[in-house]
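Notes follow once the structure below has been shown.
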């Protein structure tokens, strides 16, 4: 019989007892930040559960990791603590367990309606790395940025290419994004274009949240990498294509990306995603030994992007993709990241890169969908090459289980006009 | 009258009262981290000063910003607080102010000997950005990574190019760096190389530490950018060139850099650097309005890189550059960084990129210095293409003031106590390397020999001089003014001679490289088959002769060295002529020139110099030579005489 909570959870909800994703929230605008897990339409305040002494397993008894404003301390504890917390919470929330169910006072204190909770960044992100792991995206970008003769660069099949992104400008879903200003390619001999970006884009990504990590100079084996990944979030790696195209040679993307990156508020754990694991694509050429996994896993997570133009009542779906379109797995990404001895810290974020699929309607950004603005999309009749001021971009991600979902909620942001 | 502290500060010290750089330290291994400023050989514990209520200005009274383990809170307060703290500390440490000077208890509590302090990272670095702001470096990298046809990318002159670096692996000077493993370019159709990096390199950089910063979505005006820069540190952006070359297309450097970045422990404030501000290079094309500064400033900071191979007693200077070689200023870098609305936070680090100058010995990394390993350097006779295990890389940075330095200390895997001795020795290094004159550090007179890069006049006579005798520990001795003046003048002459020697030495090392190049079969082939190649080589050699010609022969030693190197270059020209004239079947003859009979092989050259030196010593005689060395070189030529 399927696990069931004493809290009513709608079958379409992203947050049944099988999920229990972690986040950080303020129960009221002026209140200090609490840690919580989502259950149906509620947030369970973990600080109240901890204070009530209900985390009574060997790893978490007496720990103050749930009395913090971020999950970093909990992340540093590693998988045994995560498994223990999950077991404790699933038991506590189950329909058959009286401890919380029958304690009105504790229920009152610990269950906050999601509509009242203001979500904030759940982790302090020390470093944010963005990979480039979808083959379809790599191929399309190569053609668009470097011409139709450009194949995927030869290194791409040998290593998960990545760059360091900007950690300071990572914001929580719902935060407005101001259109960046910057330089674009000069036309002919004139000076470069300068002004608000004319090619503002989204990128459909997910990101792994790092757990314990490693010391500087040490590496993490690819077959143990999963123990260093707490979970996944949705991520919109907003990109200004005109700024990016002019600045990215030879050191890669910089101001074309650093004006904002949005993540979803709920971290869905790898444990919750485990039922949706699927085989990763066959890799040819065979990866070098340090990237060769005994058991190479992707996850079947359906992803969707909607754009809601300012003034329109409805949003339009512009992309349907899937996490399993990634060529390089998140565990390969993490192992590669440490092979040179680079230290990962709890809370670091590893973006997957844009997740494009093979079909024309599974492309993960407007650059690809409109082929660099040459083929406008139609949003309920409104043509769209790149994002316009007022557009709201909404990502959703969800795994379909047998009678339940394990979902990520949404990752949304609205474009504001550039200053001056 | 110059500001002076009641704490004795050696004139060579990087940390006089004019500097007062900020750092974080543990007074004892188990103690919690404190914030401090460096003063001479001491660290002033700011938590003790704060607890004593001595930060009594309007910005800092009652603030707990100096009771933290990092400077971030102080950085967030902005320039008015920084200026107030500097004024308070300069007053407190000045010779005329009794508050701290005459309070034995507070002195005892607040002044920690630098040798006892363990330095730690002074800021929590949220984000680290690395720019690419030296034109010489950009040009050389373009050629090395993308071929001789590659000019500097066109965007380079319009914006300060940068990438995001790894914040987690930034470490404090003295931390060992483990050679990274990774993938390198595959040879032909085989899989990529995998293993320890074969091309480990340093990059000579400095970095700006960000102050208050900006909110997401807001920008910082370029003319206000200086208010958001607290100060500068030295930075070594360790790089694995083989990993970098294979991974960097199309998203830039990643694992080739992220295994470690070393910064110096002391943040020298822009206020302390202000006397060393100089004009920034003219920018053509004119930058866009958001990058156009009313007052575009660089700083005259002499930079030096030394490598000390494992097992060698001495380190070798491999680079002398200067912060003012940067094309884009740090304020332009900061303004550009925020133009898209990206938020900077207190403690963020903005690296300048490798600071290469135009001269061959001012290149900021081995990639450039050895031209991607093609022209090895000689470290006291040990060839070096890229870094080997056990190598210590030591950066120093220093501004020469009128009678004082404003320095950065070191950025190295070497402790500060060793630094002073290293510095004293290094001042003579270029001469010694070239001439092979021996010296003994036991009687080193170091008092003004810090000015290798400085064009400033010698410091004026002072009432007292500190002269290290027997040991590098400074001892104050009082000299009559005329004797002090004579010593200073002789030191100045020695400095001029050393500078000329340096120029000759640079030509000589260029000749070394050309000789190695000419010895290669490919070069022989190309000179033979292509007249343009021959012409190019001859032109290069001719340029060396012209450079030698421009060195004034104001002293017999300089003249002799100049003659010797000129002769050598002429002989290289003859070899080139010989190669191109030789028939294809004359290979053996051609290489015969490099055989034991040839006088131009490396060993013979060293021997020739040694003979020249010996003759020189003999001609001058023992006491005469000793006097000469003491007067012109600042050390006694004991070693040679002991050896004989």
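Residue numbers in this text run from 1 along the chain shown.
Keep in mind that glycine also has a Cβ here, set from the backbone N, Cα and C atoms.
With A:146, A:244, A:248, A:354 listed by TrEMBL as binding substrate, the candidate from A:132, A:230, A:276 annotated for that site turns out to be A:132. Here TrEMBL has A:257, A:261 binding Mg(2+), and the candidate from A:227, A:237, A:284 in that same listed site is A:237. Checking the candidates A:127, A:130, A:300, A:314 against TrEMBL: the one annotated together with A:203, A:205, A:237 at the Ca(2+) site is A:130.
When secondary structure is read from DSSP and collapsed to three states, residue A:248 (substrate binding site) falls in the coil class.
Counting only the Cα atoms, the space from residue A:354 (substrate binding site) to residue A:257 (Mg(2+) binding site) is about 13 angstrom. Neighbouring residues of the recorded Mg(2+) site, listed in sequence order and excluding A:237, A:257, A:261, comprise A:130, A:165, A:166, A:169, A:203, A:235, A:236, A:238, A:239, A:258, A:260, A:351 (Cβ within 8 Å of the Cβ centroid).
Taking only the Cα positions, the spacing between residue A:261 (Mg(2+) binding site) and residue A:146 (substrate binding site) is 25 angstrom.
DSSP gives residue A:137 (active site, proton acceptor) a helix state.
Residue density at residue A:132 (substrate binding site): 24 other Cβ atoms are found within 10 A of its Cβ, drawing on all protein chains shown.
Counting every protein chain shown, 29 other Cβ atoms lie within 10 Å of the Cβ of residue A:137 (active site, proton acceptor). Under 8 angstroms separates the C-beta of A:132, A:248 from a C-beta of chain B, among the binding-site residues A:132, A:244, A:248. Cα-Cα distance from residue A:130 (Ca(2+) binding site) to residue A:257 (Mg(2+) binding site): 11 Å (rounded to the nearest whole number). Counting only the Cα atoms, the space from residue A:248 (substrate binding site) to residue A:257 (Mg(2+) binding site) is about 11 angstrom.
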